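Colleague: Below are the features listed in TrEMBL for this protein:
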TRANSMEM  B:316-343  transmembrane segment
TRANSMEM  B:363-385  transmembrane segment
TRANSMEM  B:397-419  transmembrane segment
TRANSMEM  B:489-512  transmembrane segment
TRANSMEM  B:524-546  transmembrane segment
TRANSMEM  B:558-581  transmembrane segment
DOMAIN    B:592-698  domain 'TMC'
TRANSMEM  B:601-619  transmembrane segment
TRANSMEM  B:654-679  transmembrane segment
TRANSMEM  B:700-725  transmembrane segment
TRANSMEM  B:769-786  transmembrane segment
REGION    B:823-890  region 'Disordered'
COMPBIAS  B:834-845  compositional bias 'Polar residues'
REGION    B:908-934  region 'Disordered'
């Protein structure tokens, strides 16, 4: 770990520590892992393309991996590529010490597939499909899906506008205590 | 001139009304727009219309509804001048915005780089238009529209936190309460960033907004945020910045802003004290960060924990975390006992003289060779260590106090963990098997490909089950219900009977064992622990068989029933053993009875360990073999978290009870847990599959901690306390020999102590009055908090009701508005072609045209239509019929408002319609009572139009 520590200037490390929920060890580990992604190239780019990030074992089989990359990417061209700081942001949101507020915020954005700021029927359908997988025996039928989405909206859409917005989502999250313990990625 | 007179009037009225006007006012000044020039350049009819609208909205006083909706297109002049804004569209369309979340990210840096009014270099063709540059109109219009957007956000904020009363004098800066407003603005920032650019820039344009407005809006928002952060203490602001839902660079920028603000502030009021405190807090933070890293470096089994969670999810992980936690308890207990009891005993010199020879069986029985060792109570002396005048170490007191302090610390830690766990995991209203609970329970830690596939399949099954359960509910006939209740009763009776039978057997066996010990047969002593462990292994298996017969309506009930039965069994076995020890063994003062109890406990702990290993062999390995080779229908077993955790709780109870009788038994316990960890790990990895039912892991953990506290810790504590307070210690051995009871040590000590200690002892520990007062206070506090809780519960119900009502209100009002809009339009009956003409050909130039006033009314409806169209989208299923082809605008404006309106959601809505009266009344007579600002604003608009017509024609 000494090698990677020397690469990361002390002030930078302190800044990372101040602005994320990660500890020093976690940041150093993240740095190491991030550099490993780009080490085979001569000039390591600041942005690591999405497919390389997705190759990380922690994300490889996550059903939301692409959404996660897109949400945390600050890329101008929306290709889901991550800088190291984006990567830290990702880990910070998924860390142990991140607040429920942050976690639910990012969960909302991850689940908001069409990026329109609310979870509507289409988003929910995609969400359920992501969770159940897309093989035929696990996928819900049209009728089941319709019923499920009605149930979901019944349960969470407090102002009855047909979509679940951020505050409604956070309200729902506050009632499912497992969320915080399961919304975690550890490097 | 009339305008000039009018305007300030409105302005002050507006200011008095609500803080949003203050902000609008501030905005003008911040951007250094000459107010007068704005006034003068406005055309007359606009002025008048404005006047009407503002008047109406001020009549509403602080009804936020009016502000909210007026922003959306009625009270906001931007909508009337949006033809001007049309100019900017050429520019903004070219701006690449597809991701609403990221839209702001670039702009943090653009900000301040000159969002200059009408001076943007890249405006393209707009600048060429003579009408544009000749009239100064665009400038204020941009300003106002910006104000409009601000208002919509501000409104929700100011109403949410600290509604400014109409009577409040207008202040330059609204008096935010730093903490609250921070939360709100953070929230706003988060939601705003999500909702502002839903359909890209094009959609925004339809709302009469430009790129600039948004940027400026963001700048303001950000400035407020920075201001709030600066007002906080360093520590608070750091945590706050960390908690901002922004990207890293944005957080960095905000932090640099805050630091800059702070440093300039400090230049003004620099004090040594502040500097010092800053230094200290920095130091403390560094120290804490450092200790955190050390702790993490020391963290045991980090890699393995990750592996488990990667393959089996959080539920199984919680078992291992629990095991680790218990291990830490025991390590601490060992350190304390060894440091304060054993070391002084060893130092004191009169080490045990052992005559018995070691033959291996002692490792199991704890007798013979170990009889008088420091392992057990009997091995400790009652001496005062050291020479009385200088170094005094009272062994008796140390023995008692060490155990007491450890017990108190344990209790504190348990209560603390229980409270935090309850706080974060306990759900007030049962999340009634809702679909969200399943959807939110996806374990992001699971990384194993196979596990992920399995999880998906499980989740699909669970979702389907939840759907069918919902359909099947309440279909039971009464006879079936009766049958179920009968089965439950029978099984409960059977379970209780089994437990009682086991207890009786153990009691008689214990008596038998005692006789055997007298006879001198060591091996026979293993009978009781063997039977106890066997019962602990077999009876829970029988209990789990009951599950096949019983049918619970709720799977959670089933889990709870199993847990309760198991806990009852284990605790009654321990209870009967303790009863036997206290009643029969303790009344033989000639023998060293404490040591013999200690040895019994030792045997129980050791044999229990072997049975735990056996349990994992039978429970997991064998059923794996059977499931994979013999009876494939059984399948690979799951890791039974509940059973395993209960075993751990049982072991820990033994360890706590043994604290007094055998201070070093924790060593055995540490070894036991350590080995168990690895055995379970191997067994889990090789024999088990991930649990089928996911979810509720966190709640189960809370329950386990509670169980560890309530029967286990409290039971052990009462056994130890009873022993210390009322049992006569054996006369021949141990530190308390010759005393009436162990607690008499404290009294003896008091006799020689200083006055103040005695006083405290007499007045506090032994005083009934003190405890009476304490319990009285606790009762009062409990009652108080209970009342508070009830109040909150009611409040929650009311608020929930209100949100639902407001949602209905919103839908209703929008529908009403839509209808009015339609009827209005059809009665006006303007030719469509004219409108198209207006919009498509040259609506930028109407200012310059001589007949522009005539054209104006036509140019309005399309824009407001787009606004309403968007709002209408908030109503489920009521997409507005795009009746007129010329209104293609609204189609795309849709997305824009669609996100903006619902996203106000709980916050915005609350701000929007809080005082609008009961919805029933509203529905009964919406027009005459005009309960809502929306209706009023709408009427105002109509009136304004009529006025316009009067003027024009």
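Including glycine, each Cβ sits where the backbone N, Cα and C put it.
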Colleague: Taking a Cβ cut-off under 8 Å, which residues six or more beyond the ends of the transmembrane segment (B:363-385) line up next to it in the same chain?
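Modeller: Contacts of the transmembrane segment (B:363-385) (Cβ under 8 Å, skipping residues fewer than 6 from its ends): 341-342, 344-348, 350, 352-354, 356-357, 391-396, 399, 522-523, 525-526, 592, 594-595, 598-599, 602-603, 606-607, 660-665, 730, 733-738.
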Colleague: Should anything in the same chain at least six residues away from the transmembrane segment (B:654-679) have a Cβ under 8 Å from its Cβ atoms, list it; otherwise answer none.
Modeller: 301, 320, 323-324, 326-327, 330-331, 333-334, 337-338, 341-342, 374-377, 380, 399, 402-403, 406-407, 410, 574, 578, 594-595, 597-599, 601-602, 604-606, 608-609, 612-613, 616, 648, 712-713, 715-717, 719-720, 723-724
Colleague: The transmembrane segment (B:700-725) and the transmembrane segment (B:316-343): do they have three or more Cβ pairs under 8 Å, with pairs 6 or more apart in sequence?
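Modeller: The answer is yes, given that the two segments have at least 3 Cβ pairs within the 8 Å cut-off.
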Colleague: Among B:601-619, B:700-725, B:769-786, which stretch has the most Cβ pairs under 8 Å to the transmembrane segment (B:397-419)?
Modeller: B:700-725
Colleague: What parts of the chain pack near the transmembrane segment (B:769-786), using Cβ distances under 8 Å and only residues at least 6 beyond its ends?
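Modeller: Distant Cβ neighbours of the transmembrane segment (B:769-786) are 763.
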Colleague: Just give the helix, strand and coil counts over the domain 'TMC' (B:592-698), going by DSSP.
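Modeller: Per-class counts: 84 helix, 2 strand, 21 coil.
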Colleague: Roughly where does the domain 'TMC' (B:592-698) sit in mean pLDDT, to the nearest integer?
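Modeller: Computed over the domain 'TMC' (B:592-698), the mean pLDDT is 85 on the 0 to 100 scale.
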